């Protein structure tokens with residue numbers, strides 16, 4: 001009975017099912033993402049060495065056959081993508097295997113992830129291959145050993161690892177997962193609300209697709225003897241059937257979408273299709289909520305019409321919209337959030353649901369108020385040109401339909417603004433100023449192992465590197481007081497200038513820097529005449545010369561102030577006897593050559609695999625925070641696009657319903673421009689009002705959220721402008737997309753389709 | 001239409017002279033074709049003979065027209081019976097038009113033209129009636145409408161026949 | 001009578017189905033011509049071609065000597081707006097506008113000021129005996145009233161030709177007669193020609209002349225078929 005409405009009924013049901021299906025798929029993805037990220041985190045944890053950080057101390061029991069020496073290179077990266085890189089050496093035959101690896105690479109062999117294998121095979125392979133020291137690819141890492149299918153990862157076999165220097169691993173798997181902070185949890189809750197609410201609104205809107213035609217069909221049913229209750233039951237049945245169809249469509253979309261997921265890598269996160277599986281409980285909730293919502297929305301819509309045997313009368317229009325109940329929702333939202341003011345940071349109770357409920361109620365306030373606002377404004381409008389008159393009259397007649405079209409956008413924009421304010425407010429919690437000065441250098445390379453003398457020489461030869469400053473570092477102890485030690489830096493004048501404020505400097509000079517405050521710990525500042533002992537074994541005696549000058553220190557390009565230390569130019573001492581020196585190199589590269597850093601990494605790896613190479617940036621943002629914010633941006637955009645798509649469907653349906661009228665108006669000689677403009681106005685007016693309301697609610701939400709974290713309320717108008725502009729852009733695109741069909745519908749021969 | 005019963009009906013409202021009777025009749029029912037005097041008196045004498053009317057009074061003057069006629073009890077009963085009985089719908093089974101069409105087909109004359117000519121004539125008459133209706137009072141309009149609906153029915157038949165002329169031709173010839 | 005609108009040898013096919021197959025017709029200034037014919041005979045297509053709504057595949061349509069068939073879409077649109085009026089069977093009134101605004105619409109589209117347009121619209125509502133519905137929306141008035149409003153709208157801009165496609169098709173005969181009487185009467189008073197498409201002889205009888213469309217051609221019943 002439900003679907004038996006002929007071809008038209010099917011079209012309507014399908015249209016609604018597809019639109020709702022998109023929403024269902026979005027909900028399923030939303031329920032699946034936390035799980036997917038969890039399983040990703042599980043895999044990352046699983047490949048961490050158990051009890052990491054165990055470096056054997058001299059005198060420990062000898063390495064057993066079950067030991068694997070391993071060093072993870074945490075700075076490894078290729079372009080903007082992080083690389084999971086580890087150097088391994090099996091001590092014995094029973095060395096543990098990392099997950100996803102079937103056999104350990106021998107020295108000269110490497111096990112790579114499929115994505116890295118593809119990279120190496122591509123034309124960009126030469127930018128990465130040198131880091132593997134020409135090792136033979138001896139196998140690939142299975143999905144179990146990768147964070148995601150797109151991850152670049154390798155285990156490089158090497159005999160350079162030693163029991164004394166490197167981590168000895170006997171098992172894999174570590175559960176030391178970072179917890180979300182209360183503020184991050186708040187952010188995630190609010191983000192979920194902001195992203196999912198428009199989708200709920202979208203589903204609610206989609207349920208009503210083709211409502212007018214449905215009503216007419218119900219009228220026909222009444223003609224053959226159905227009473228009002230029966231028509232209600234039929235309508236509910238239809239809504240239910242459509243909702244079930246939409247669940248099926250949503251599941252299909254979800255499964256299809258899931259297959260596409262492995263093709264993308266966002267911010268180092270790539271997921272396997274299988275990772276993305278909704279938690280059964282949440283999926284069940286979606287499966288129950290969507291039909292319930294569909295039936296409820298239909299019943300509410302039916303309340304507004306009287307279906308009689310010979311037609312449908314609309315009850316709405318005659319009743320003035322009342323304000324008071326529309327205000328209940330946002331006020332209830334505020335009431336839910338008020339007790340939490342200033343309480344979040346220190347909060348130990350789980351108040352996520354309270355926050356979610358408050359935010360949802362507040363945002364739904366915008367939905368509830370919109371028709372009232374449209375009514376209020378449009379009722380007063382008189383006159384104007386013909387397109388304006390047509391649009392305004394249409395809105396006066398039925399503000400609810402237009403409001404429904406804009407609801408999703410309004411909720412999305414309000415939520416985004418509120419969230420952005422919260423983000424701006426708590427940004428300080430997550431951003432730290434690195435103190436880096438990117439005008440002086442853009443890459444830092446640091447040797448951490450072995451001798452660093454070679455590093456600056458090699459890096460200077462790398463194409464794309466325009467300037468190099470380097471400082472070598474070692475330690476010395478005071479000969480007469482061995483418990484005191486000082487850092488000793490060796491560099492030419494250019495190199496020293498990166499760490500010291502030098503007025504003049506010549507080869508042979510020696511400087512000392514002292515921090516302004518108290519000297520902490522065993523550090524001491526050398527004075528002329530002091531005898532200090534240098535070298536790996538602290539056997540080389542050297543007397544601090546009399547021409548030692550004290551100069552102030554300064555931060556190097558990486559933002560690091562070396563503080564107390566002895567700074568020596570090579571002419572003052574024969575450094576060749578100092579033993580291994582740690583090297584620090586700051587580099588400037590050609591900005592037009594973005595791959596220069598890859599060549600720097602290659603060259604650094606050739607010196608030593610464990611050389612740290614990193615790009616300087618002014619601020620360092622906690623990674624998770626960055627991810628969350630990026631996720632929000634993408635989510636907001638996707639939501640807006642979804643809402644835009646539903647808006648387009650709604651608009652097209654409206655046009656389809658008015659096909660005959662449009663054709664007649666064109667036959668009468670109405671300029672097409674007149675009709676186009678009337679459609680444009682008809683969209684623009686609710687959009688403008690909706691956005692105005694959205695800005696108001698967004699600012700309110702933002703202010704409330706900032707009160708939750710006791711941050712002074714500040715409005716970032718640029719963000720407000722951006723959100724509004726984005727929404728306006730989506731609406732513009734939708735309107736533009738509706739114009740070609742309108743153009744087709746307004747061809748004069750449209751009259752034939754009677 | 002039965003003139004006798006119409007007279008009786010007119011006389012029932014009030015006794016009239018023959019001349020008045022004719023005038024009343026013409027005014028209401030006989031617009032296109034005034035009733036000839038001869039028929040008026042012939043009818044009245046028939047009604048007298050059957051006892052449905054009687055001579056109410058004879059006014060001084062010359063000629064039969066000075067007689068005033070009134071309806072009798074039997075006459076009233078007759079009017080009653082006439083008005084309360086449904087008229088037998090006339091099935092124009094032996095229509096002249098049909099005959100013409102068949103004959104045209106049999107003799108290989110253009111039957112379609114015949115139908116067109118007839119249609120045009122019907123339409124012309126309908127136009128005329130519509131125009132008369134436009135200027136007339138309600139009675140006039142109803143009379144014209146009656147004719148218009150009949151003509152319209154004829155036209156439908158003409159249209160239908162035109163549409164099925166080929167079929168009819170085959171049938172007529174196979175019987176011939 | 002000077003010929004206002006002349007069509008010659010119109011052909012139009014929709015897909016494989018020919019709707020017009022060499023149809024010719026002429027309409028004099030102020031003449032009321034009924035176009036009759038069974039459904040599917042191409043009556044409406046003929047009207048659409050005559051009014052410049054549809055372009056025929058072949059043949060010419062001239063209005064006051066100007067070839068409609070060679071005009072641009074914009075020119076034909078302007079012509080329809082300025083010189084033609086239209087009455088359709090139903091669904092032609094904009095549901096959101098009041099009846100008065102609907103009648104004023106053609107004037108407003110020709111950039112007549114709102115006050116003036118509504119004054120003239122009110123006059124036409126009076127002539128068509130529907131003053132009482134001026135402030136109502138089309139959904140609130142009866143079919144007969146709606147059609148009279150539509151007739152008022154068709155006539156308000158003082159057109160030279162009214163195209164009426166089954167204007168009484170959705171009405172009972174009494175309301176139909178009233179609409180036809182007012183339509184033809186008003187058209188005669190404004191010296192507008194009427195092209196009246198109908199399948200009902202009684203409606204057609206309000207015309208000066210009938211033609212019949214049969215098999216995509218126009219037949220003048222008074223003699224040989226034309227075109």
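Each Cβ is built from the backbone N, Cα and C atoms, and glycine gets one as well.
Here is what TrEMBL records for this protein:
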| type | residues | note |
| --- | --- | --- |
| DOMAIN | A:190-299 | domain 'ABC3 transporter permease C-terminal' |
| DOMAIN | A:634-739 | domain 'ABC3 transporter permease C-terminal' |
| TRANSMEM | A:12-33 | transmembrane segment |
| TRANSMEM | A:183-207 | transmembrane segment |
| TRANSMEM | A:239-261 | transmembrane segment |
| TRANSMEM | A:281-302 | transmembrane segment |
| TRANSMEM | A:323-341 | transmembrane segment |
| TRANSMEM | A:353-374 | transmembrane segment |
| TRANSMEM | A:632-652 | transmembrane segment |
| TRANSMEM | A:687-706 | transmembrane segment |
| TRANSMEM | A:713-739 | transmembrane segment |
Within-chain partners of the transmembrane segment (A:353-374) [C-beta distance under 8 Å, separation at least 6 from its ends]:
186, 189-190, 192-194, 197, 201, 321-323, 325-327, 329-337, 339-340, 395, 399-400, 402-403, 406-407, 410-411, 414-415, 418, 685-686, 689-690, 693-694, 697, 700-701, 704-705, 708
Annotated stretches the transmembrane segment (A:713-739) and the transmembrane segment (A:632-652) touching (3 or more Cβ pairs under 8 Å)
yes
For the transmembrane segment (A:632-652), which stretch among A:12-33, A:323-341, A:687-706 has the most Cβ pairs under 8 A?
A:12-33
Six or more residues out from either end of the transmembrane segment (A:12-33), which same-chain residues have a Cβ under 8 Å from its Cβ atoms?
3, 5, 192, 195-196, 199-200, 202-203, 205-207, 209-210, 213-214, 238, 241-243, 245-254, 257, 276-279, 282-283, 285-286, 290, 294, 638-639, 642, 645-646, 649, 653
Close approaches to the transmembrane segment (A:323-341) from elsewhere in its chain (Cβ under 8 angstroms; 6 or more beyond its ends):
347, 351, 354-355, 357-366, 368-369, 372, 697, 700, 704, 707-708, 710
Averaging the pLDDT values of the domain 'ABC3 transporter permease C-terminal' (A:190-299) gives 76
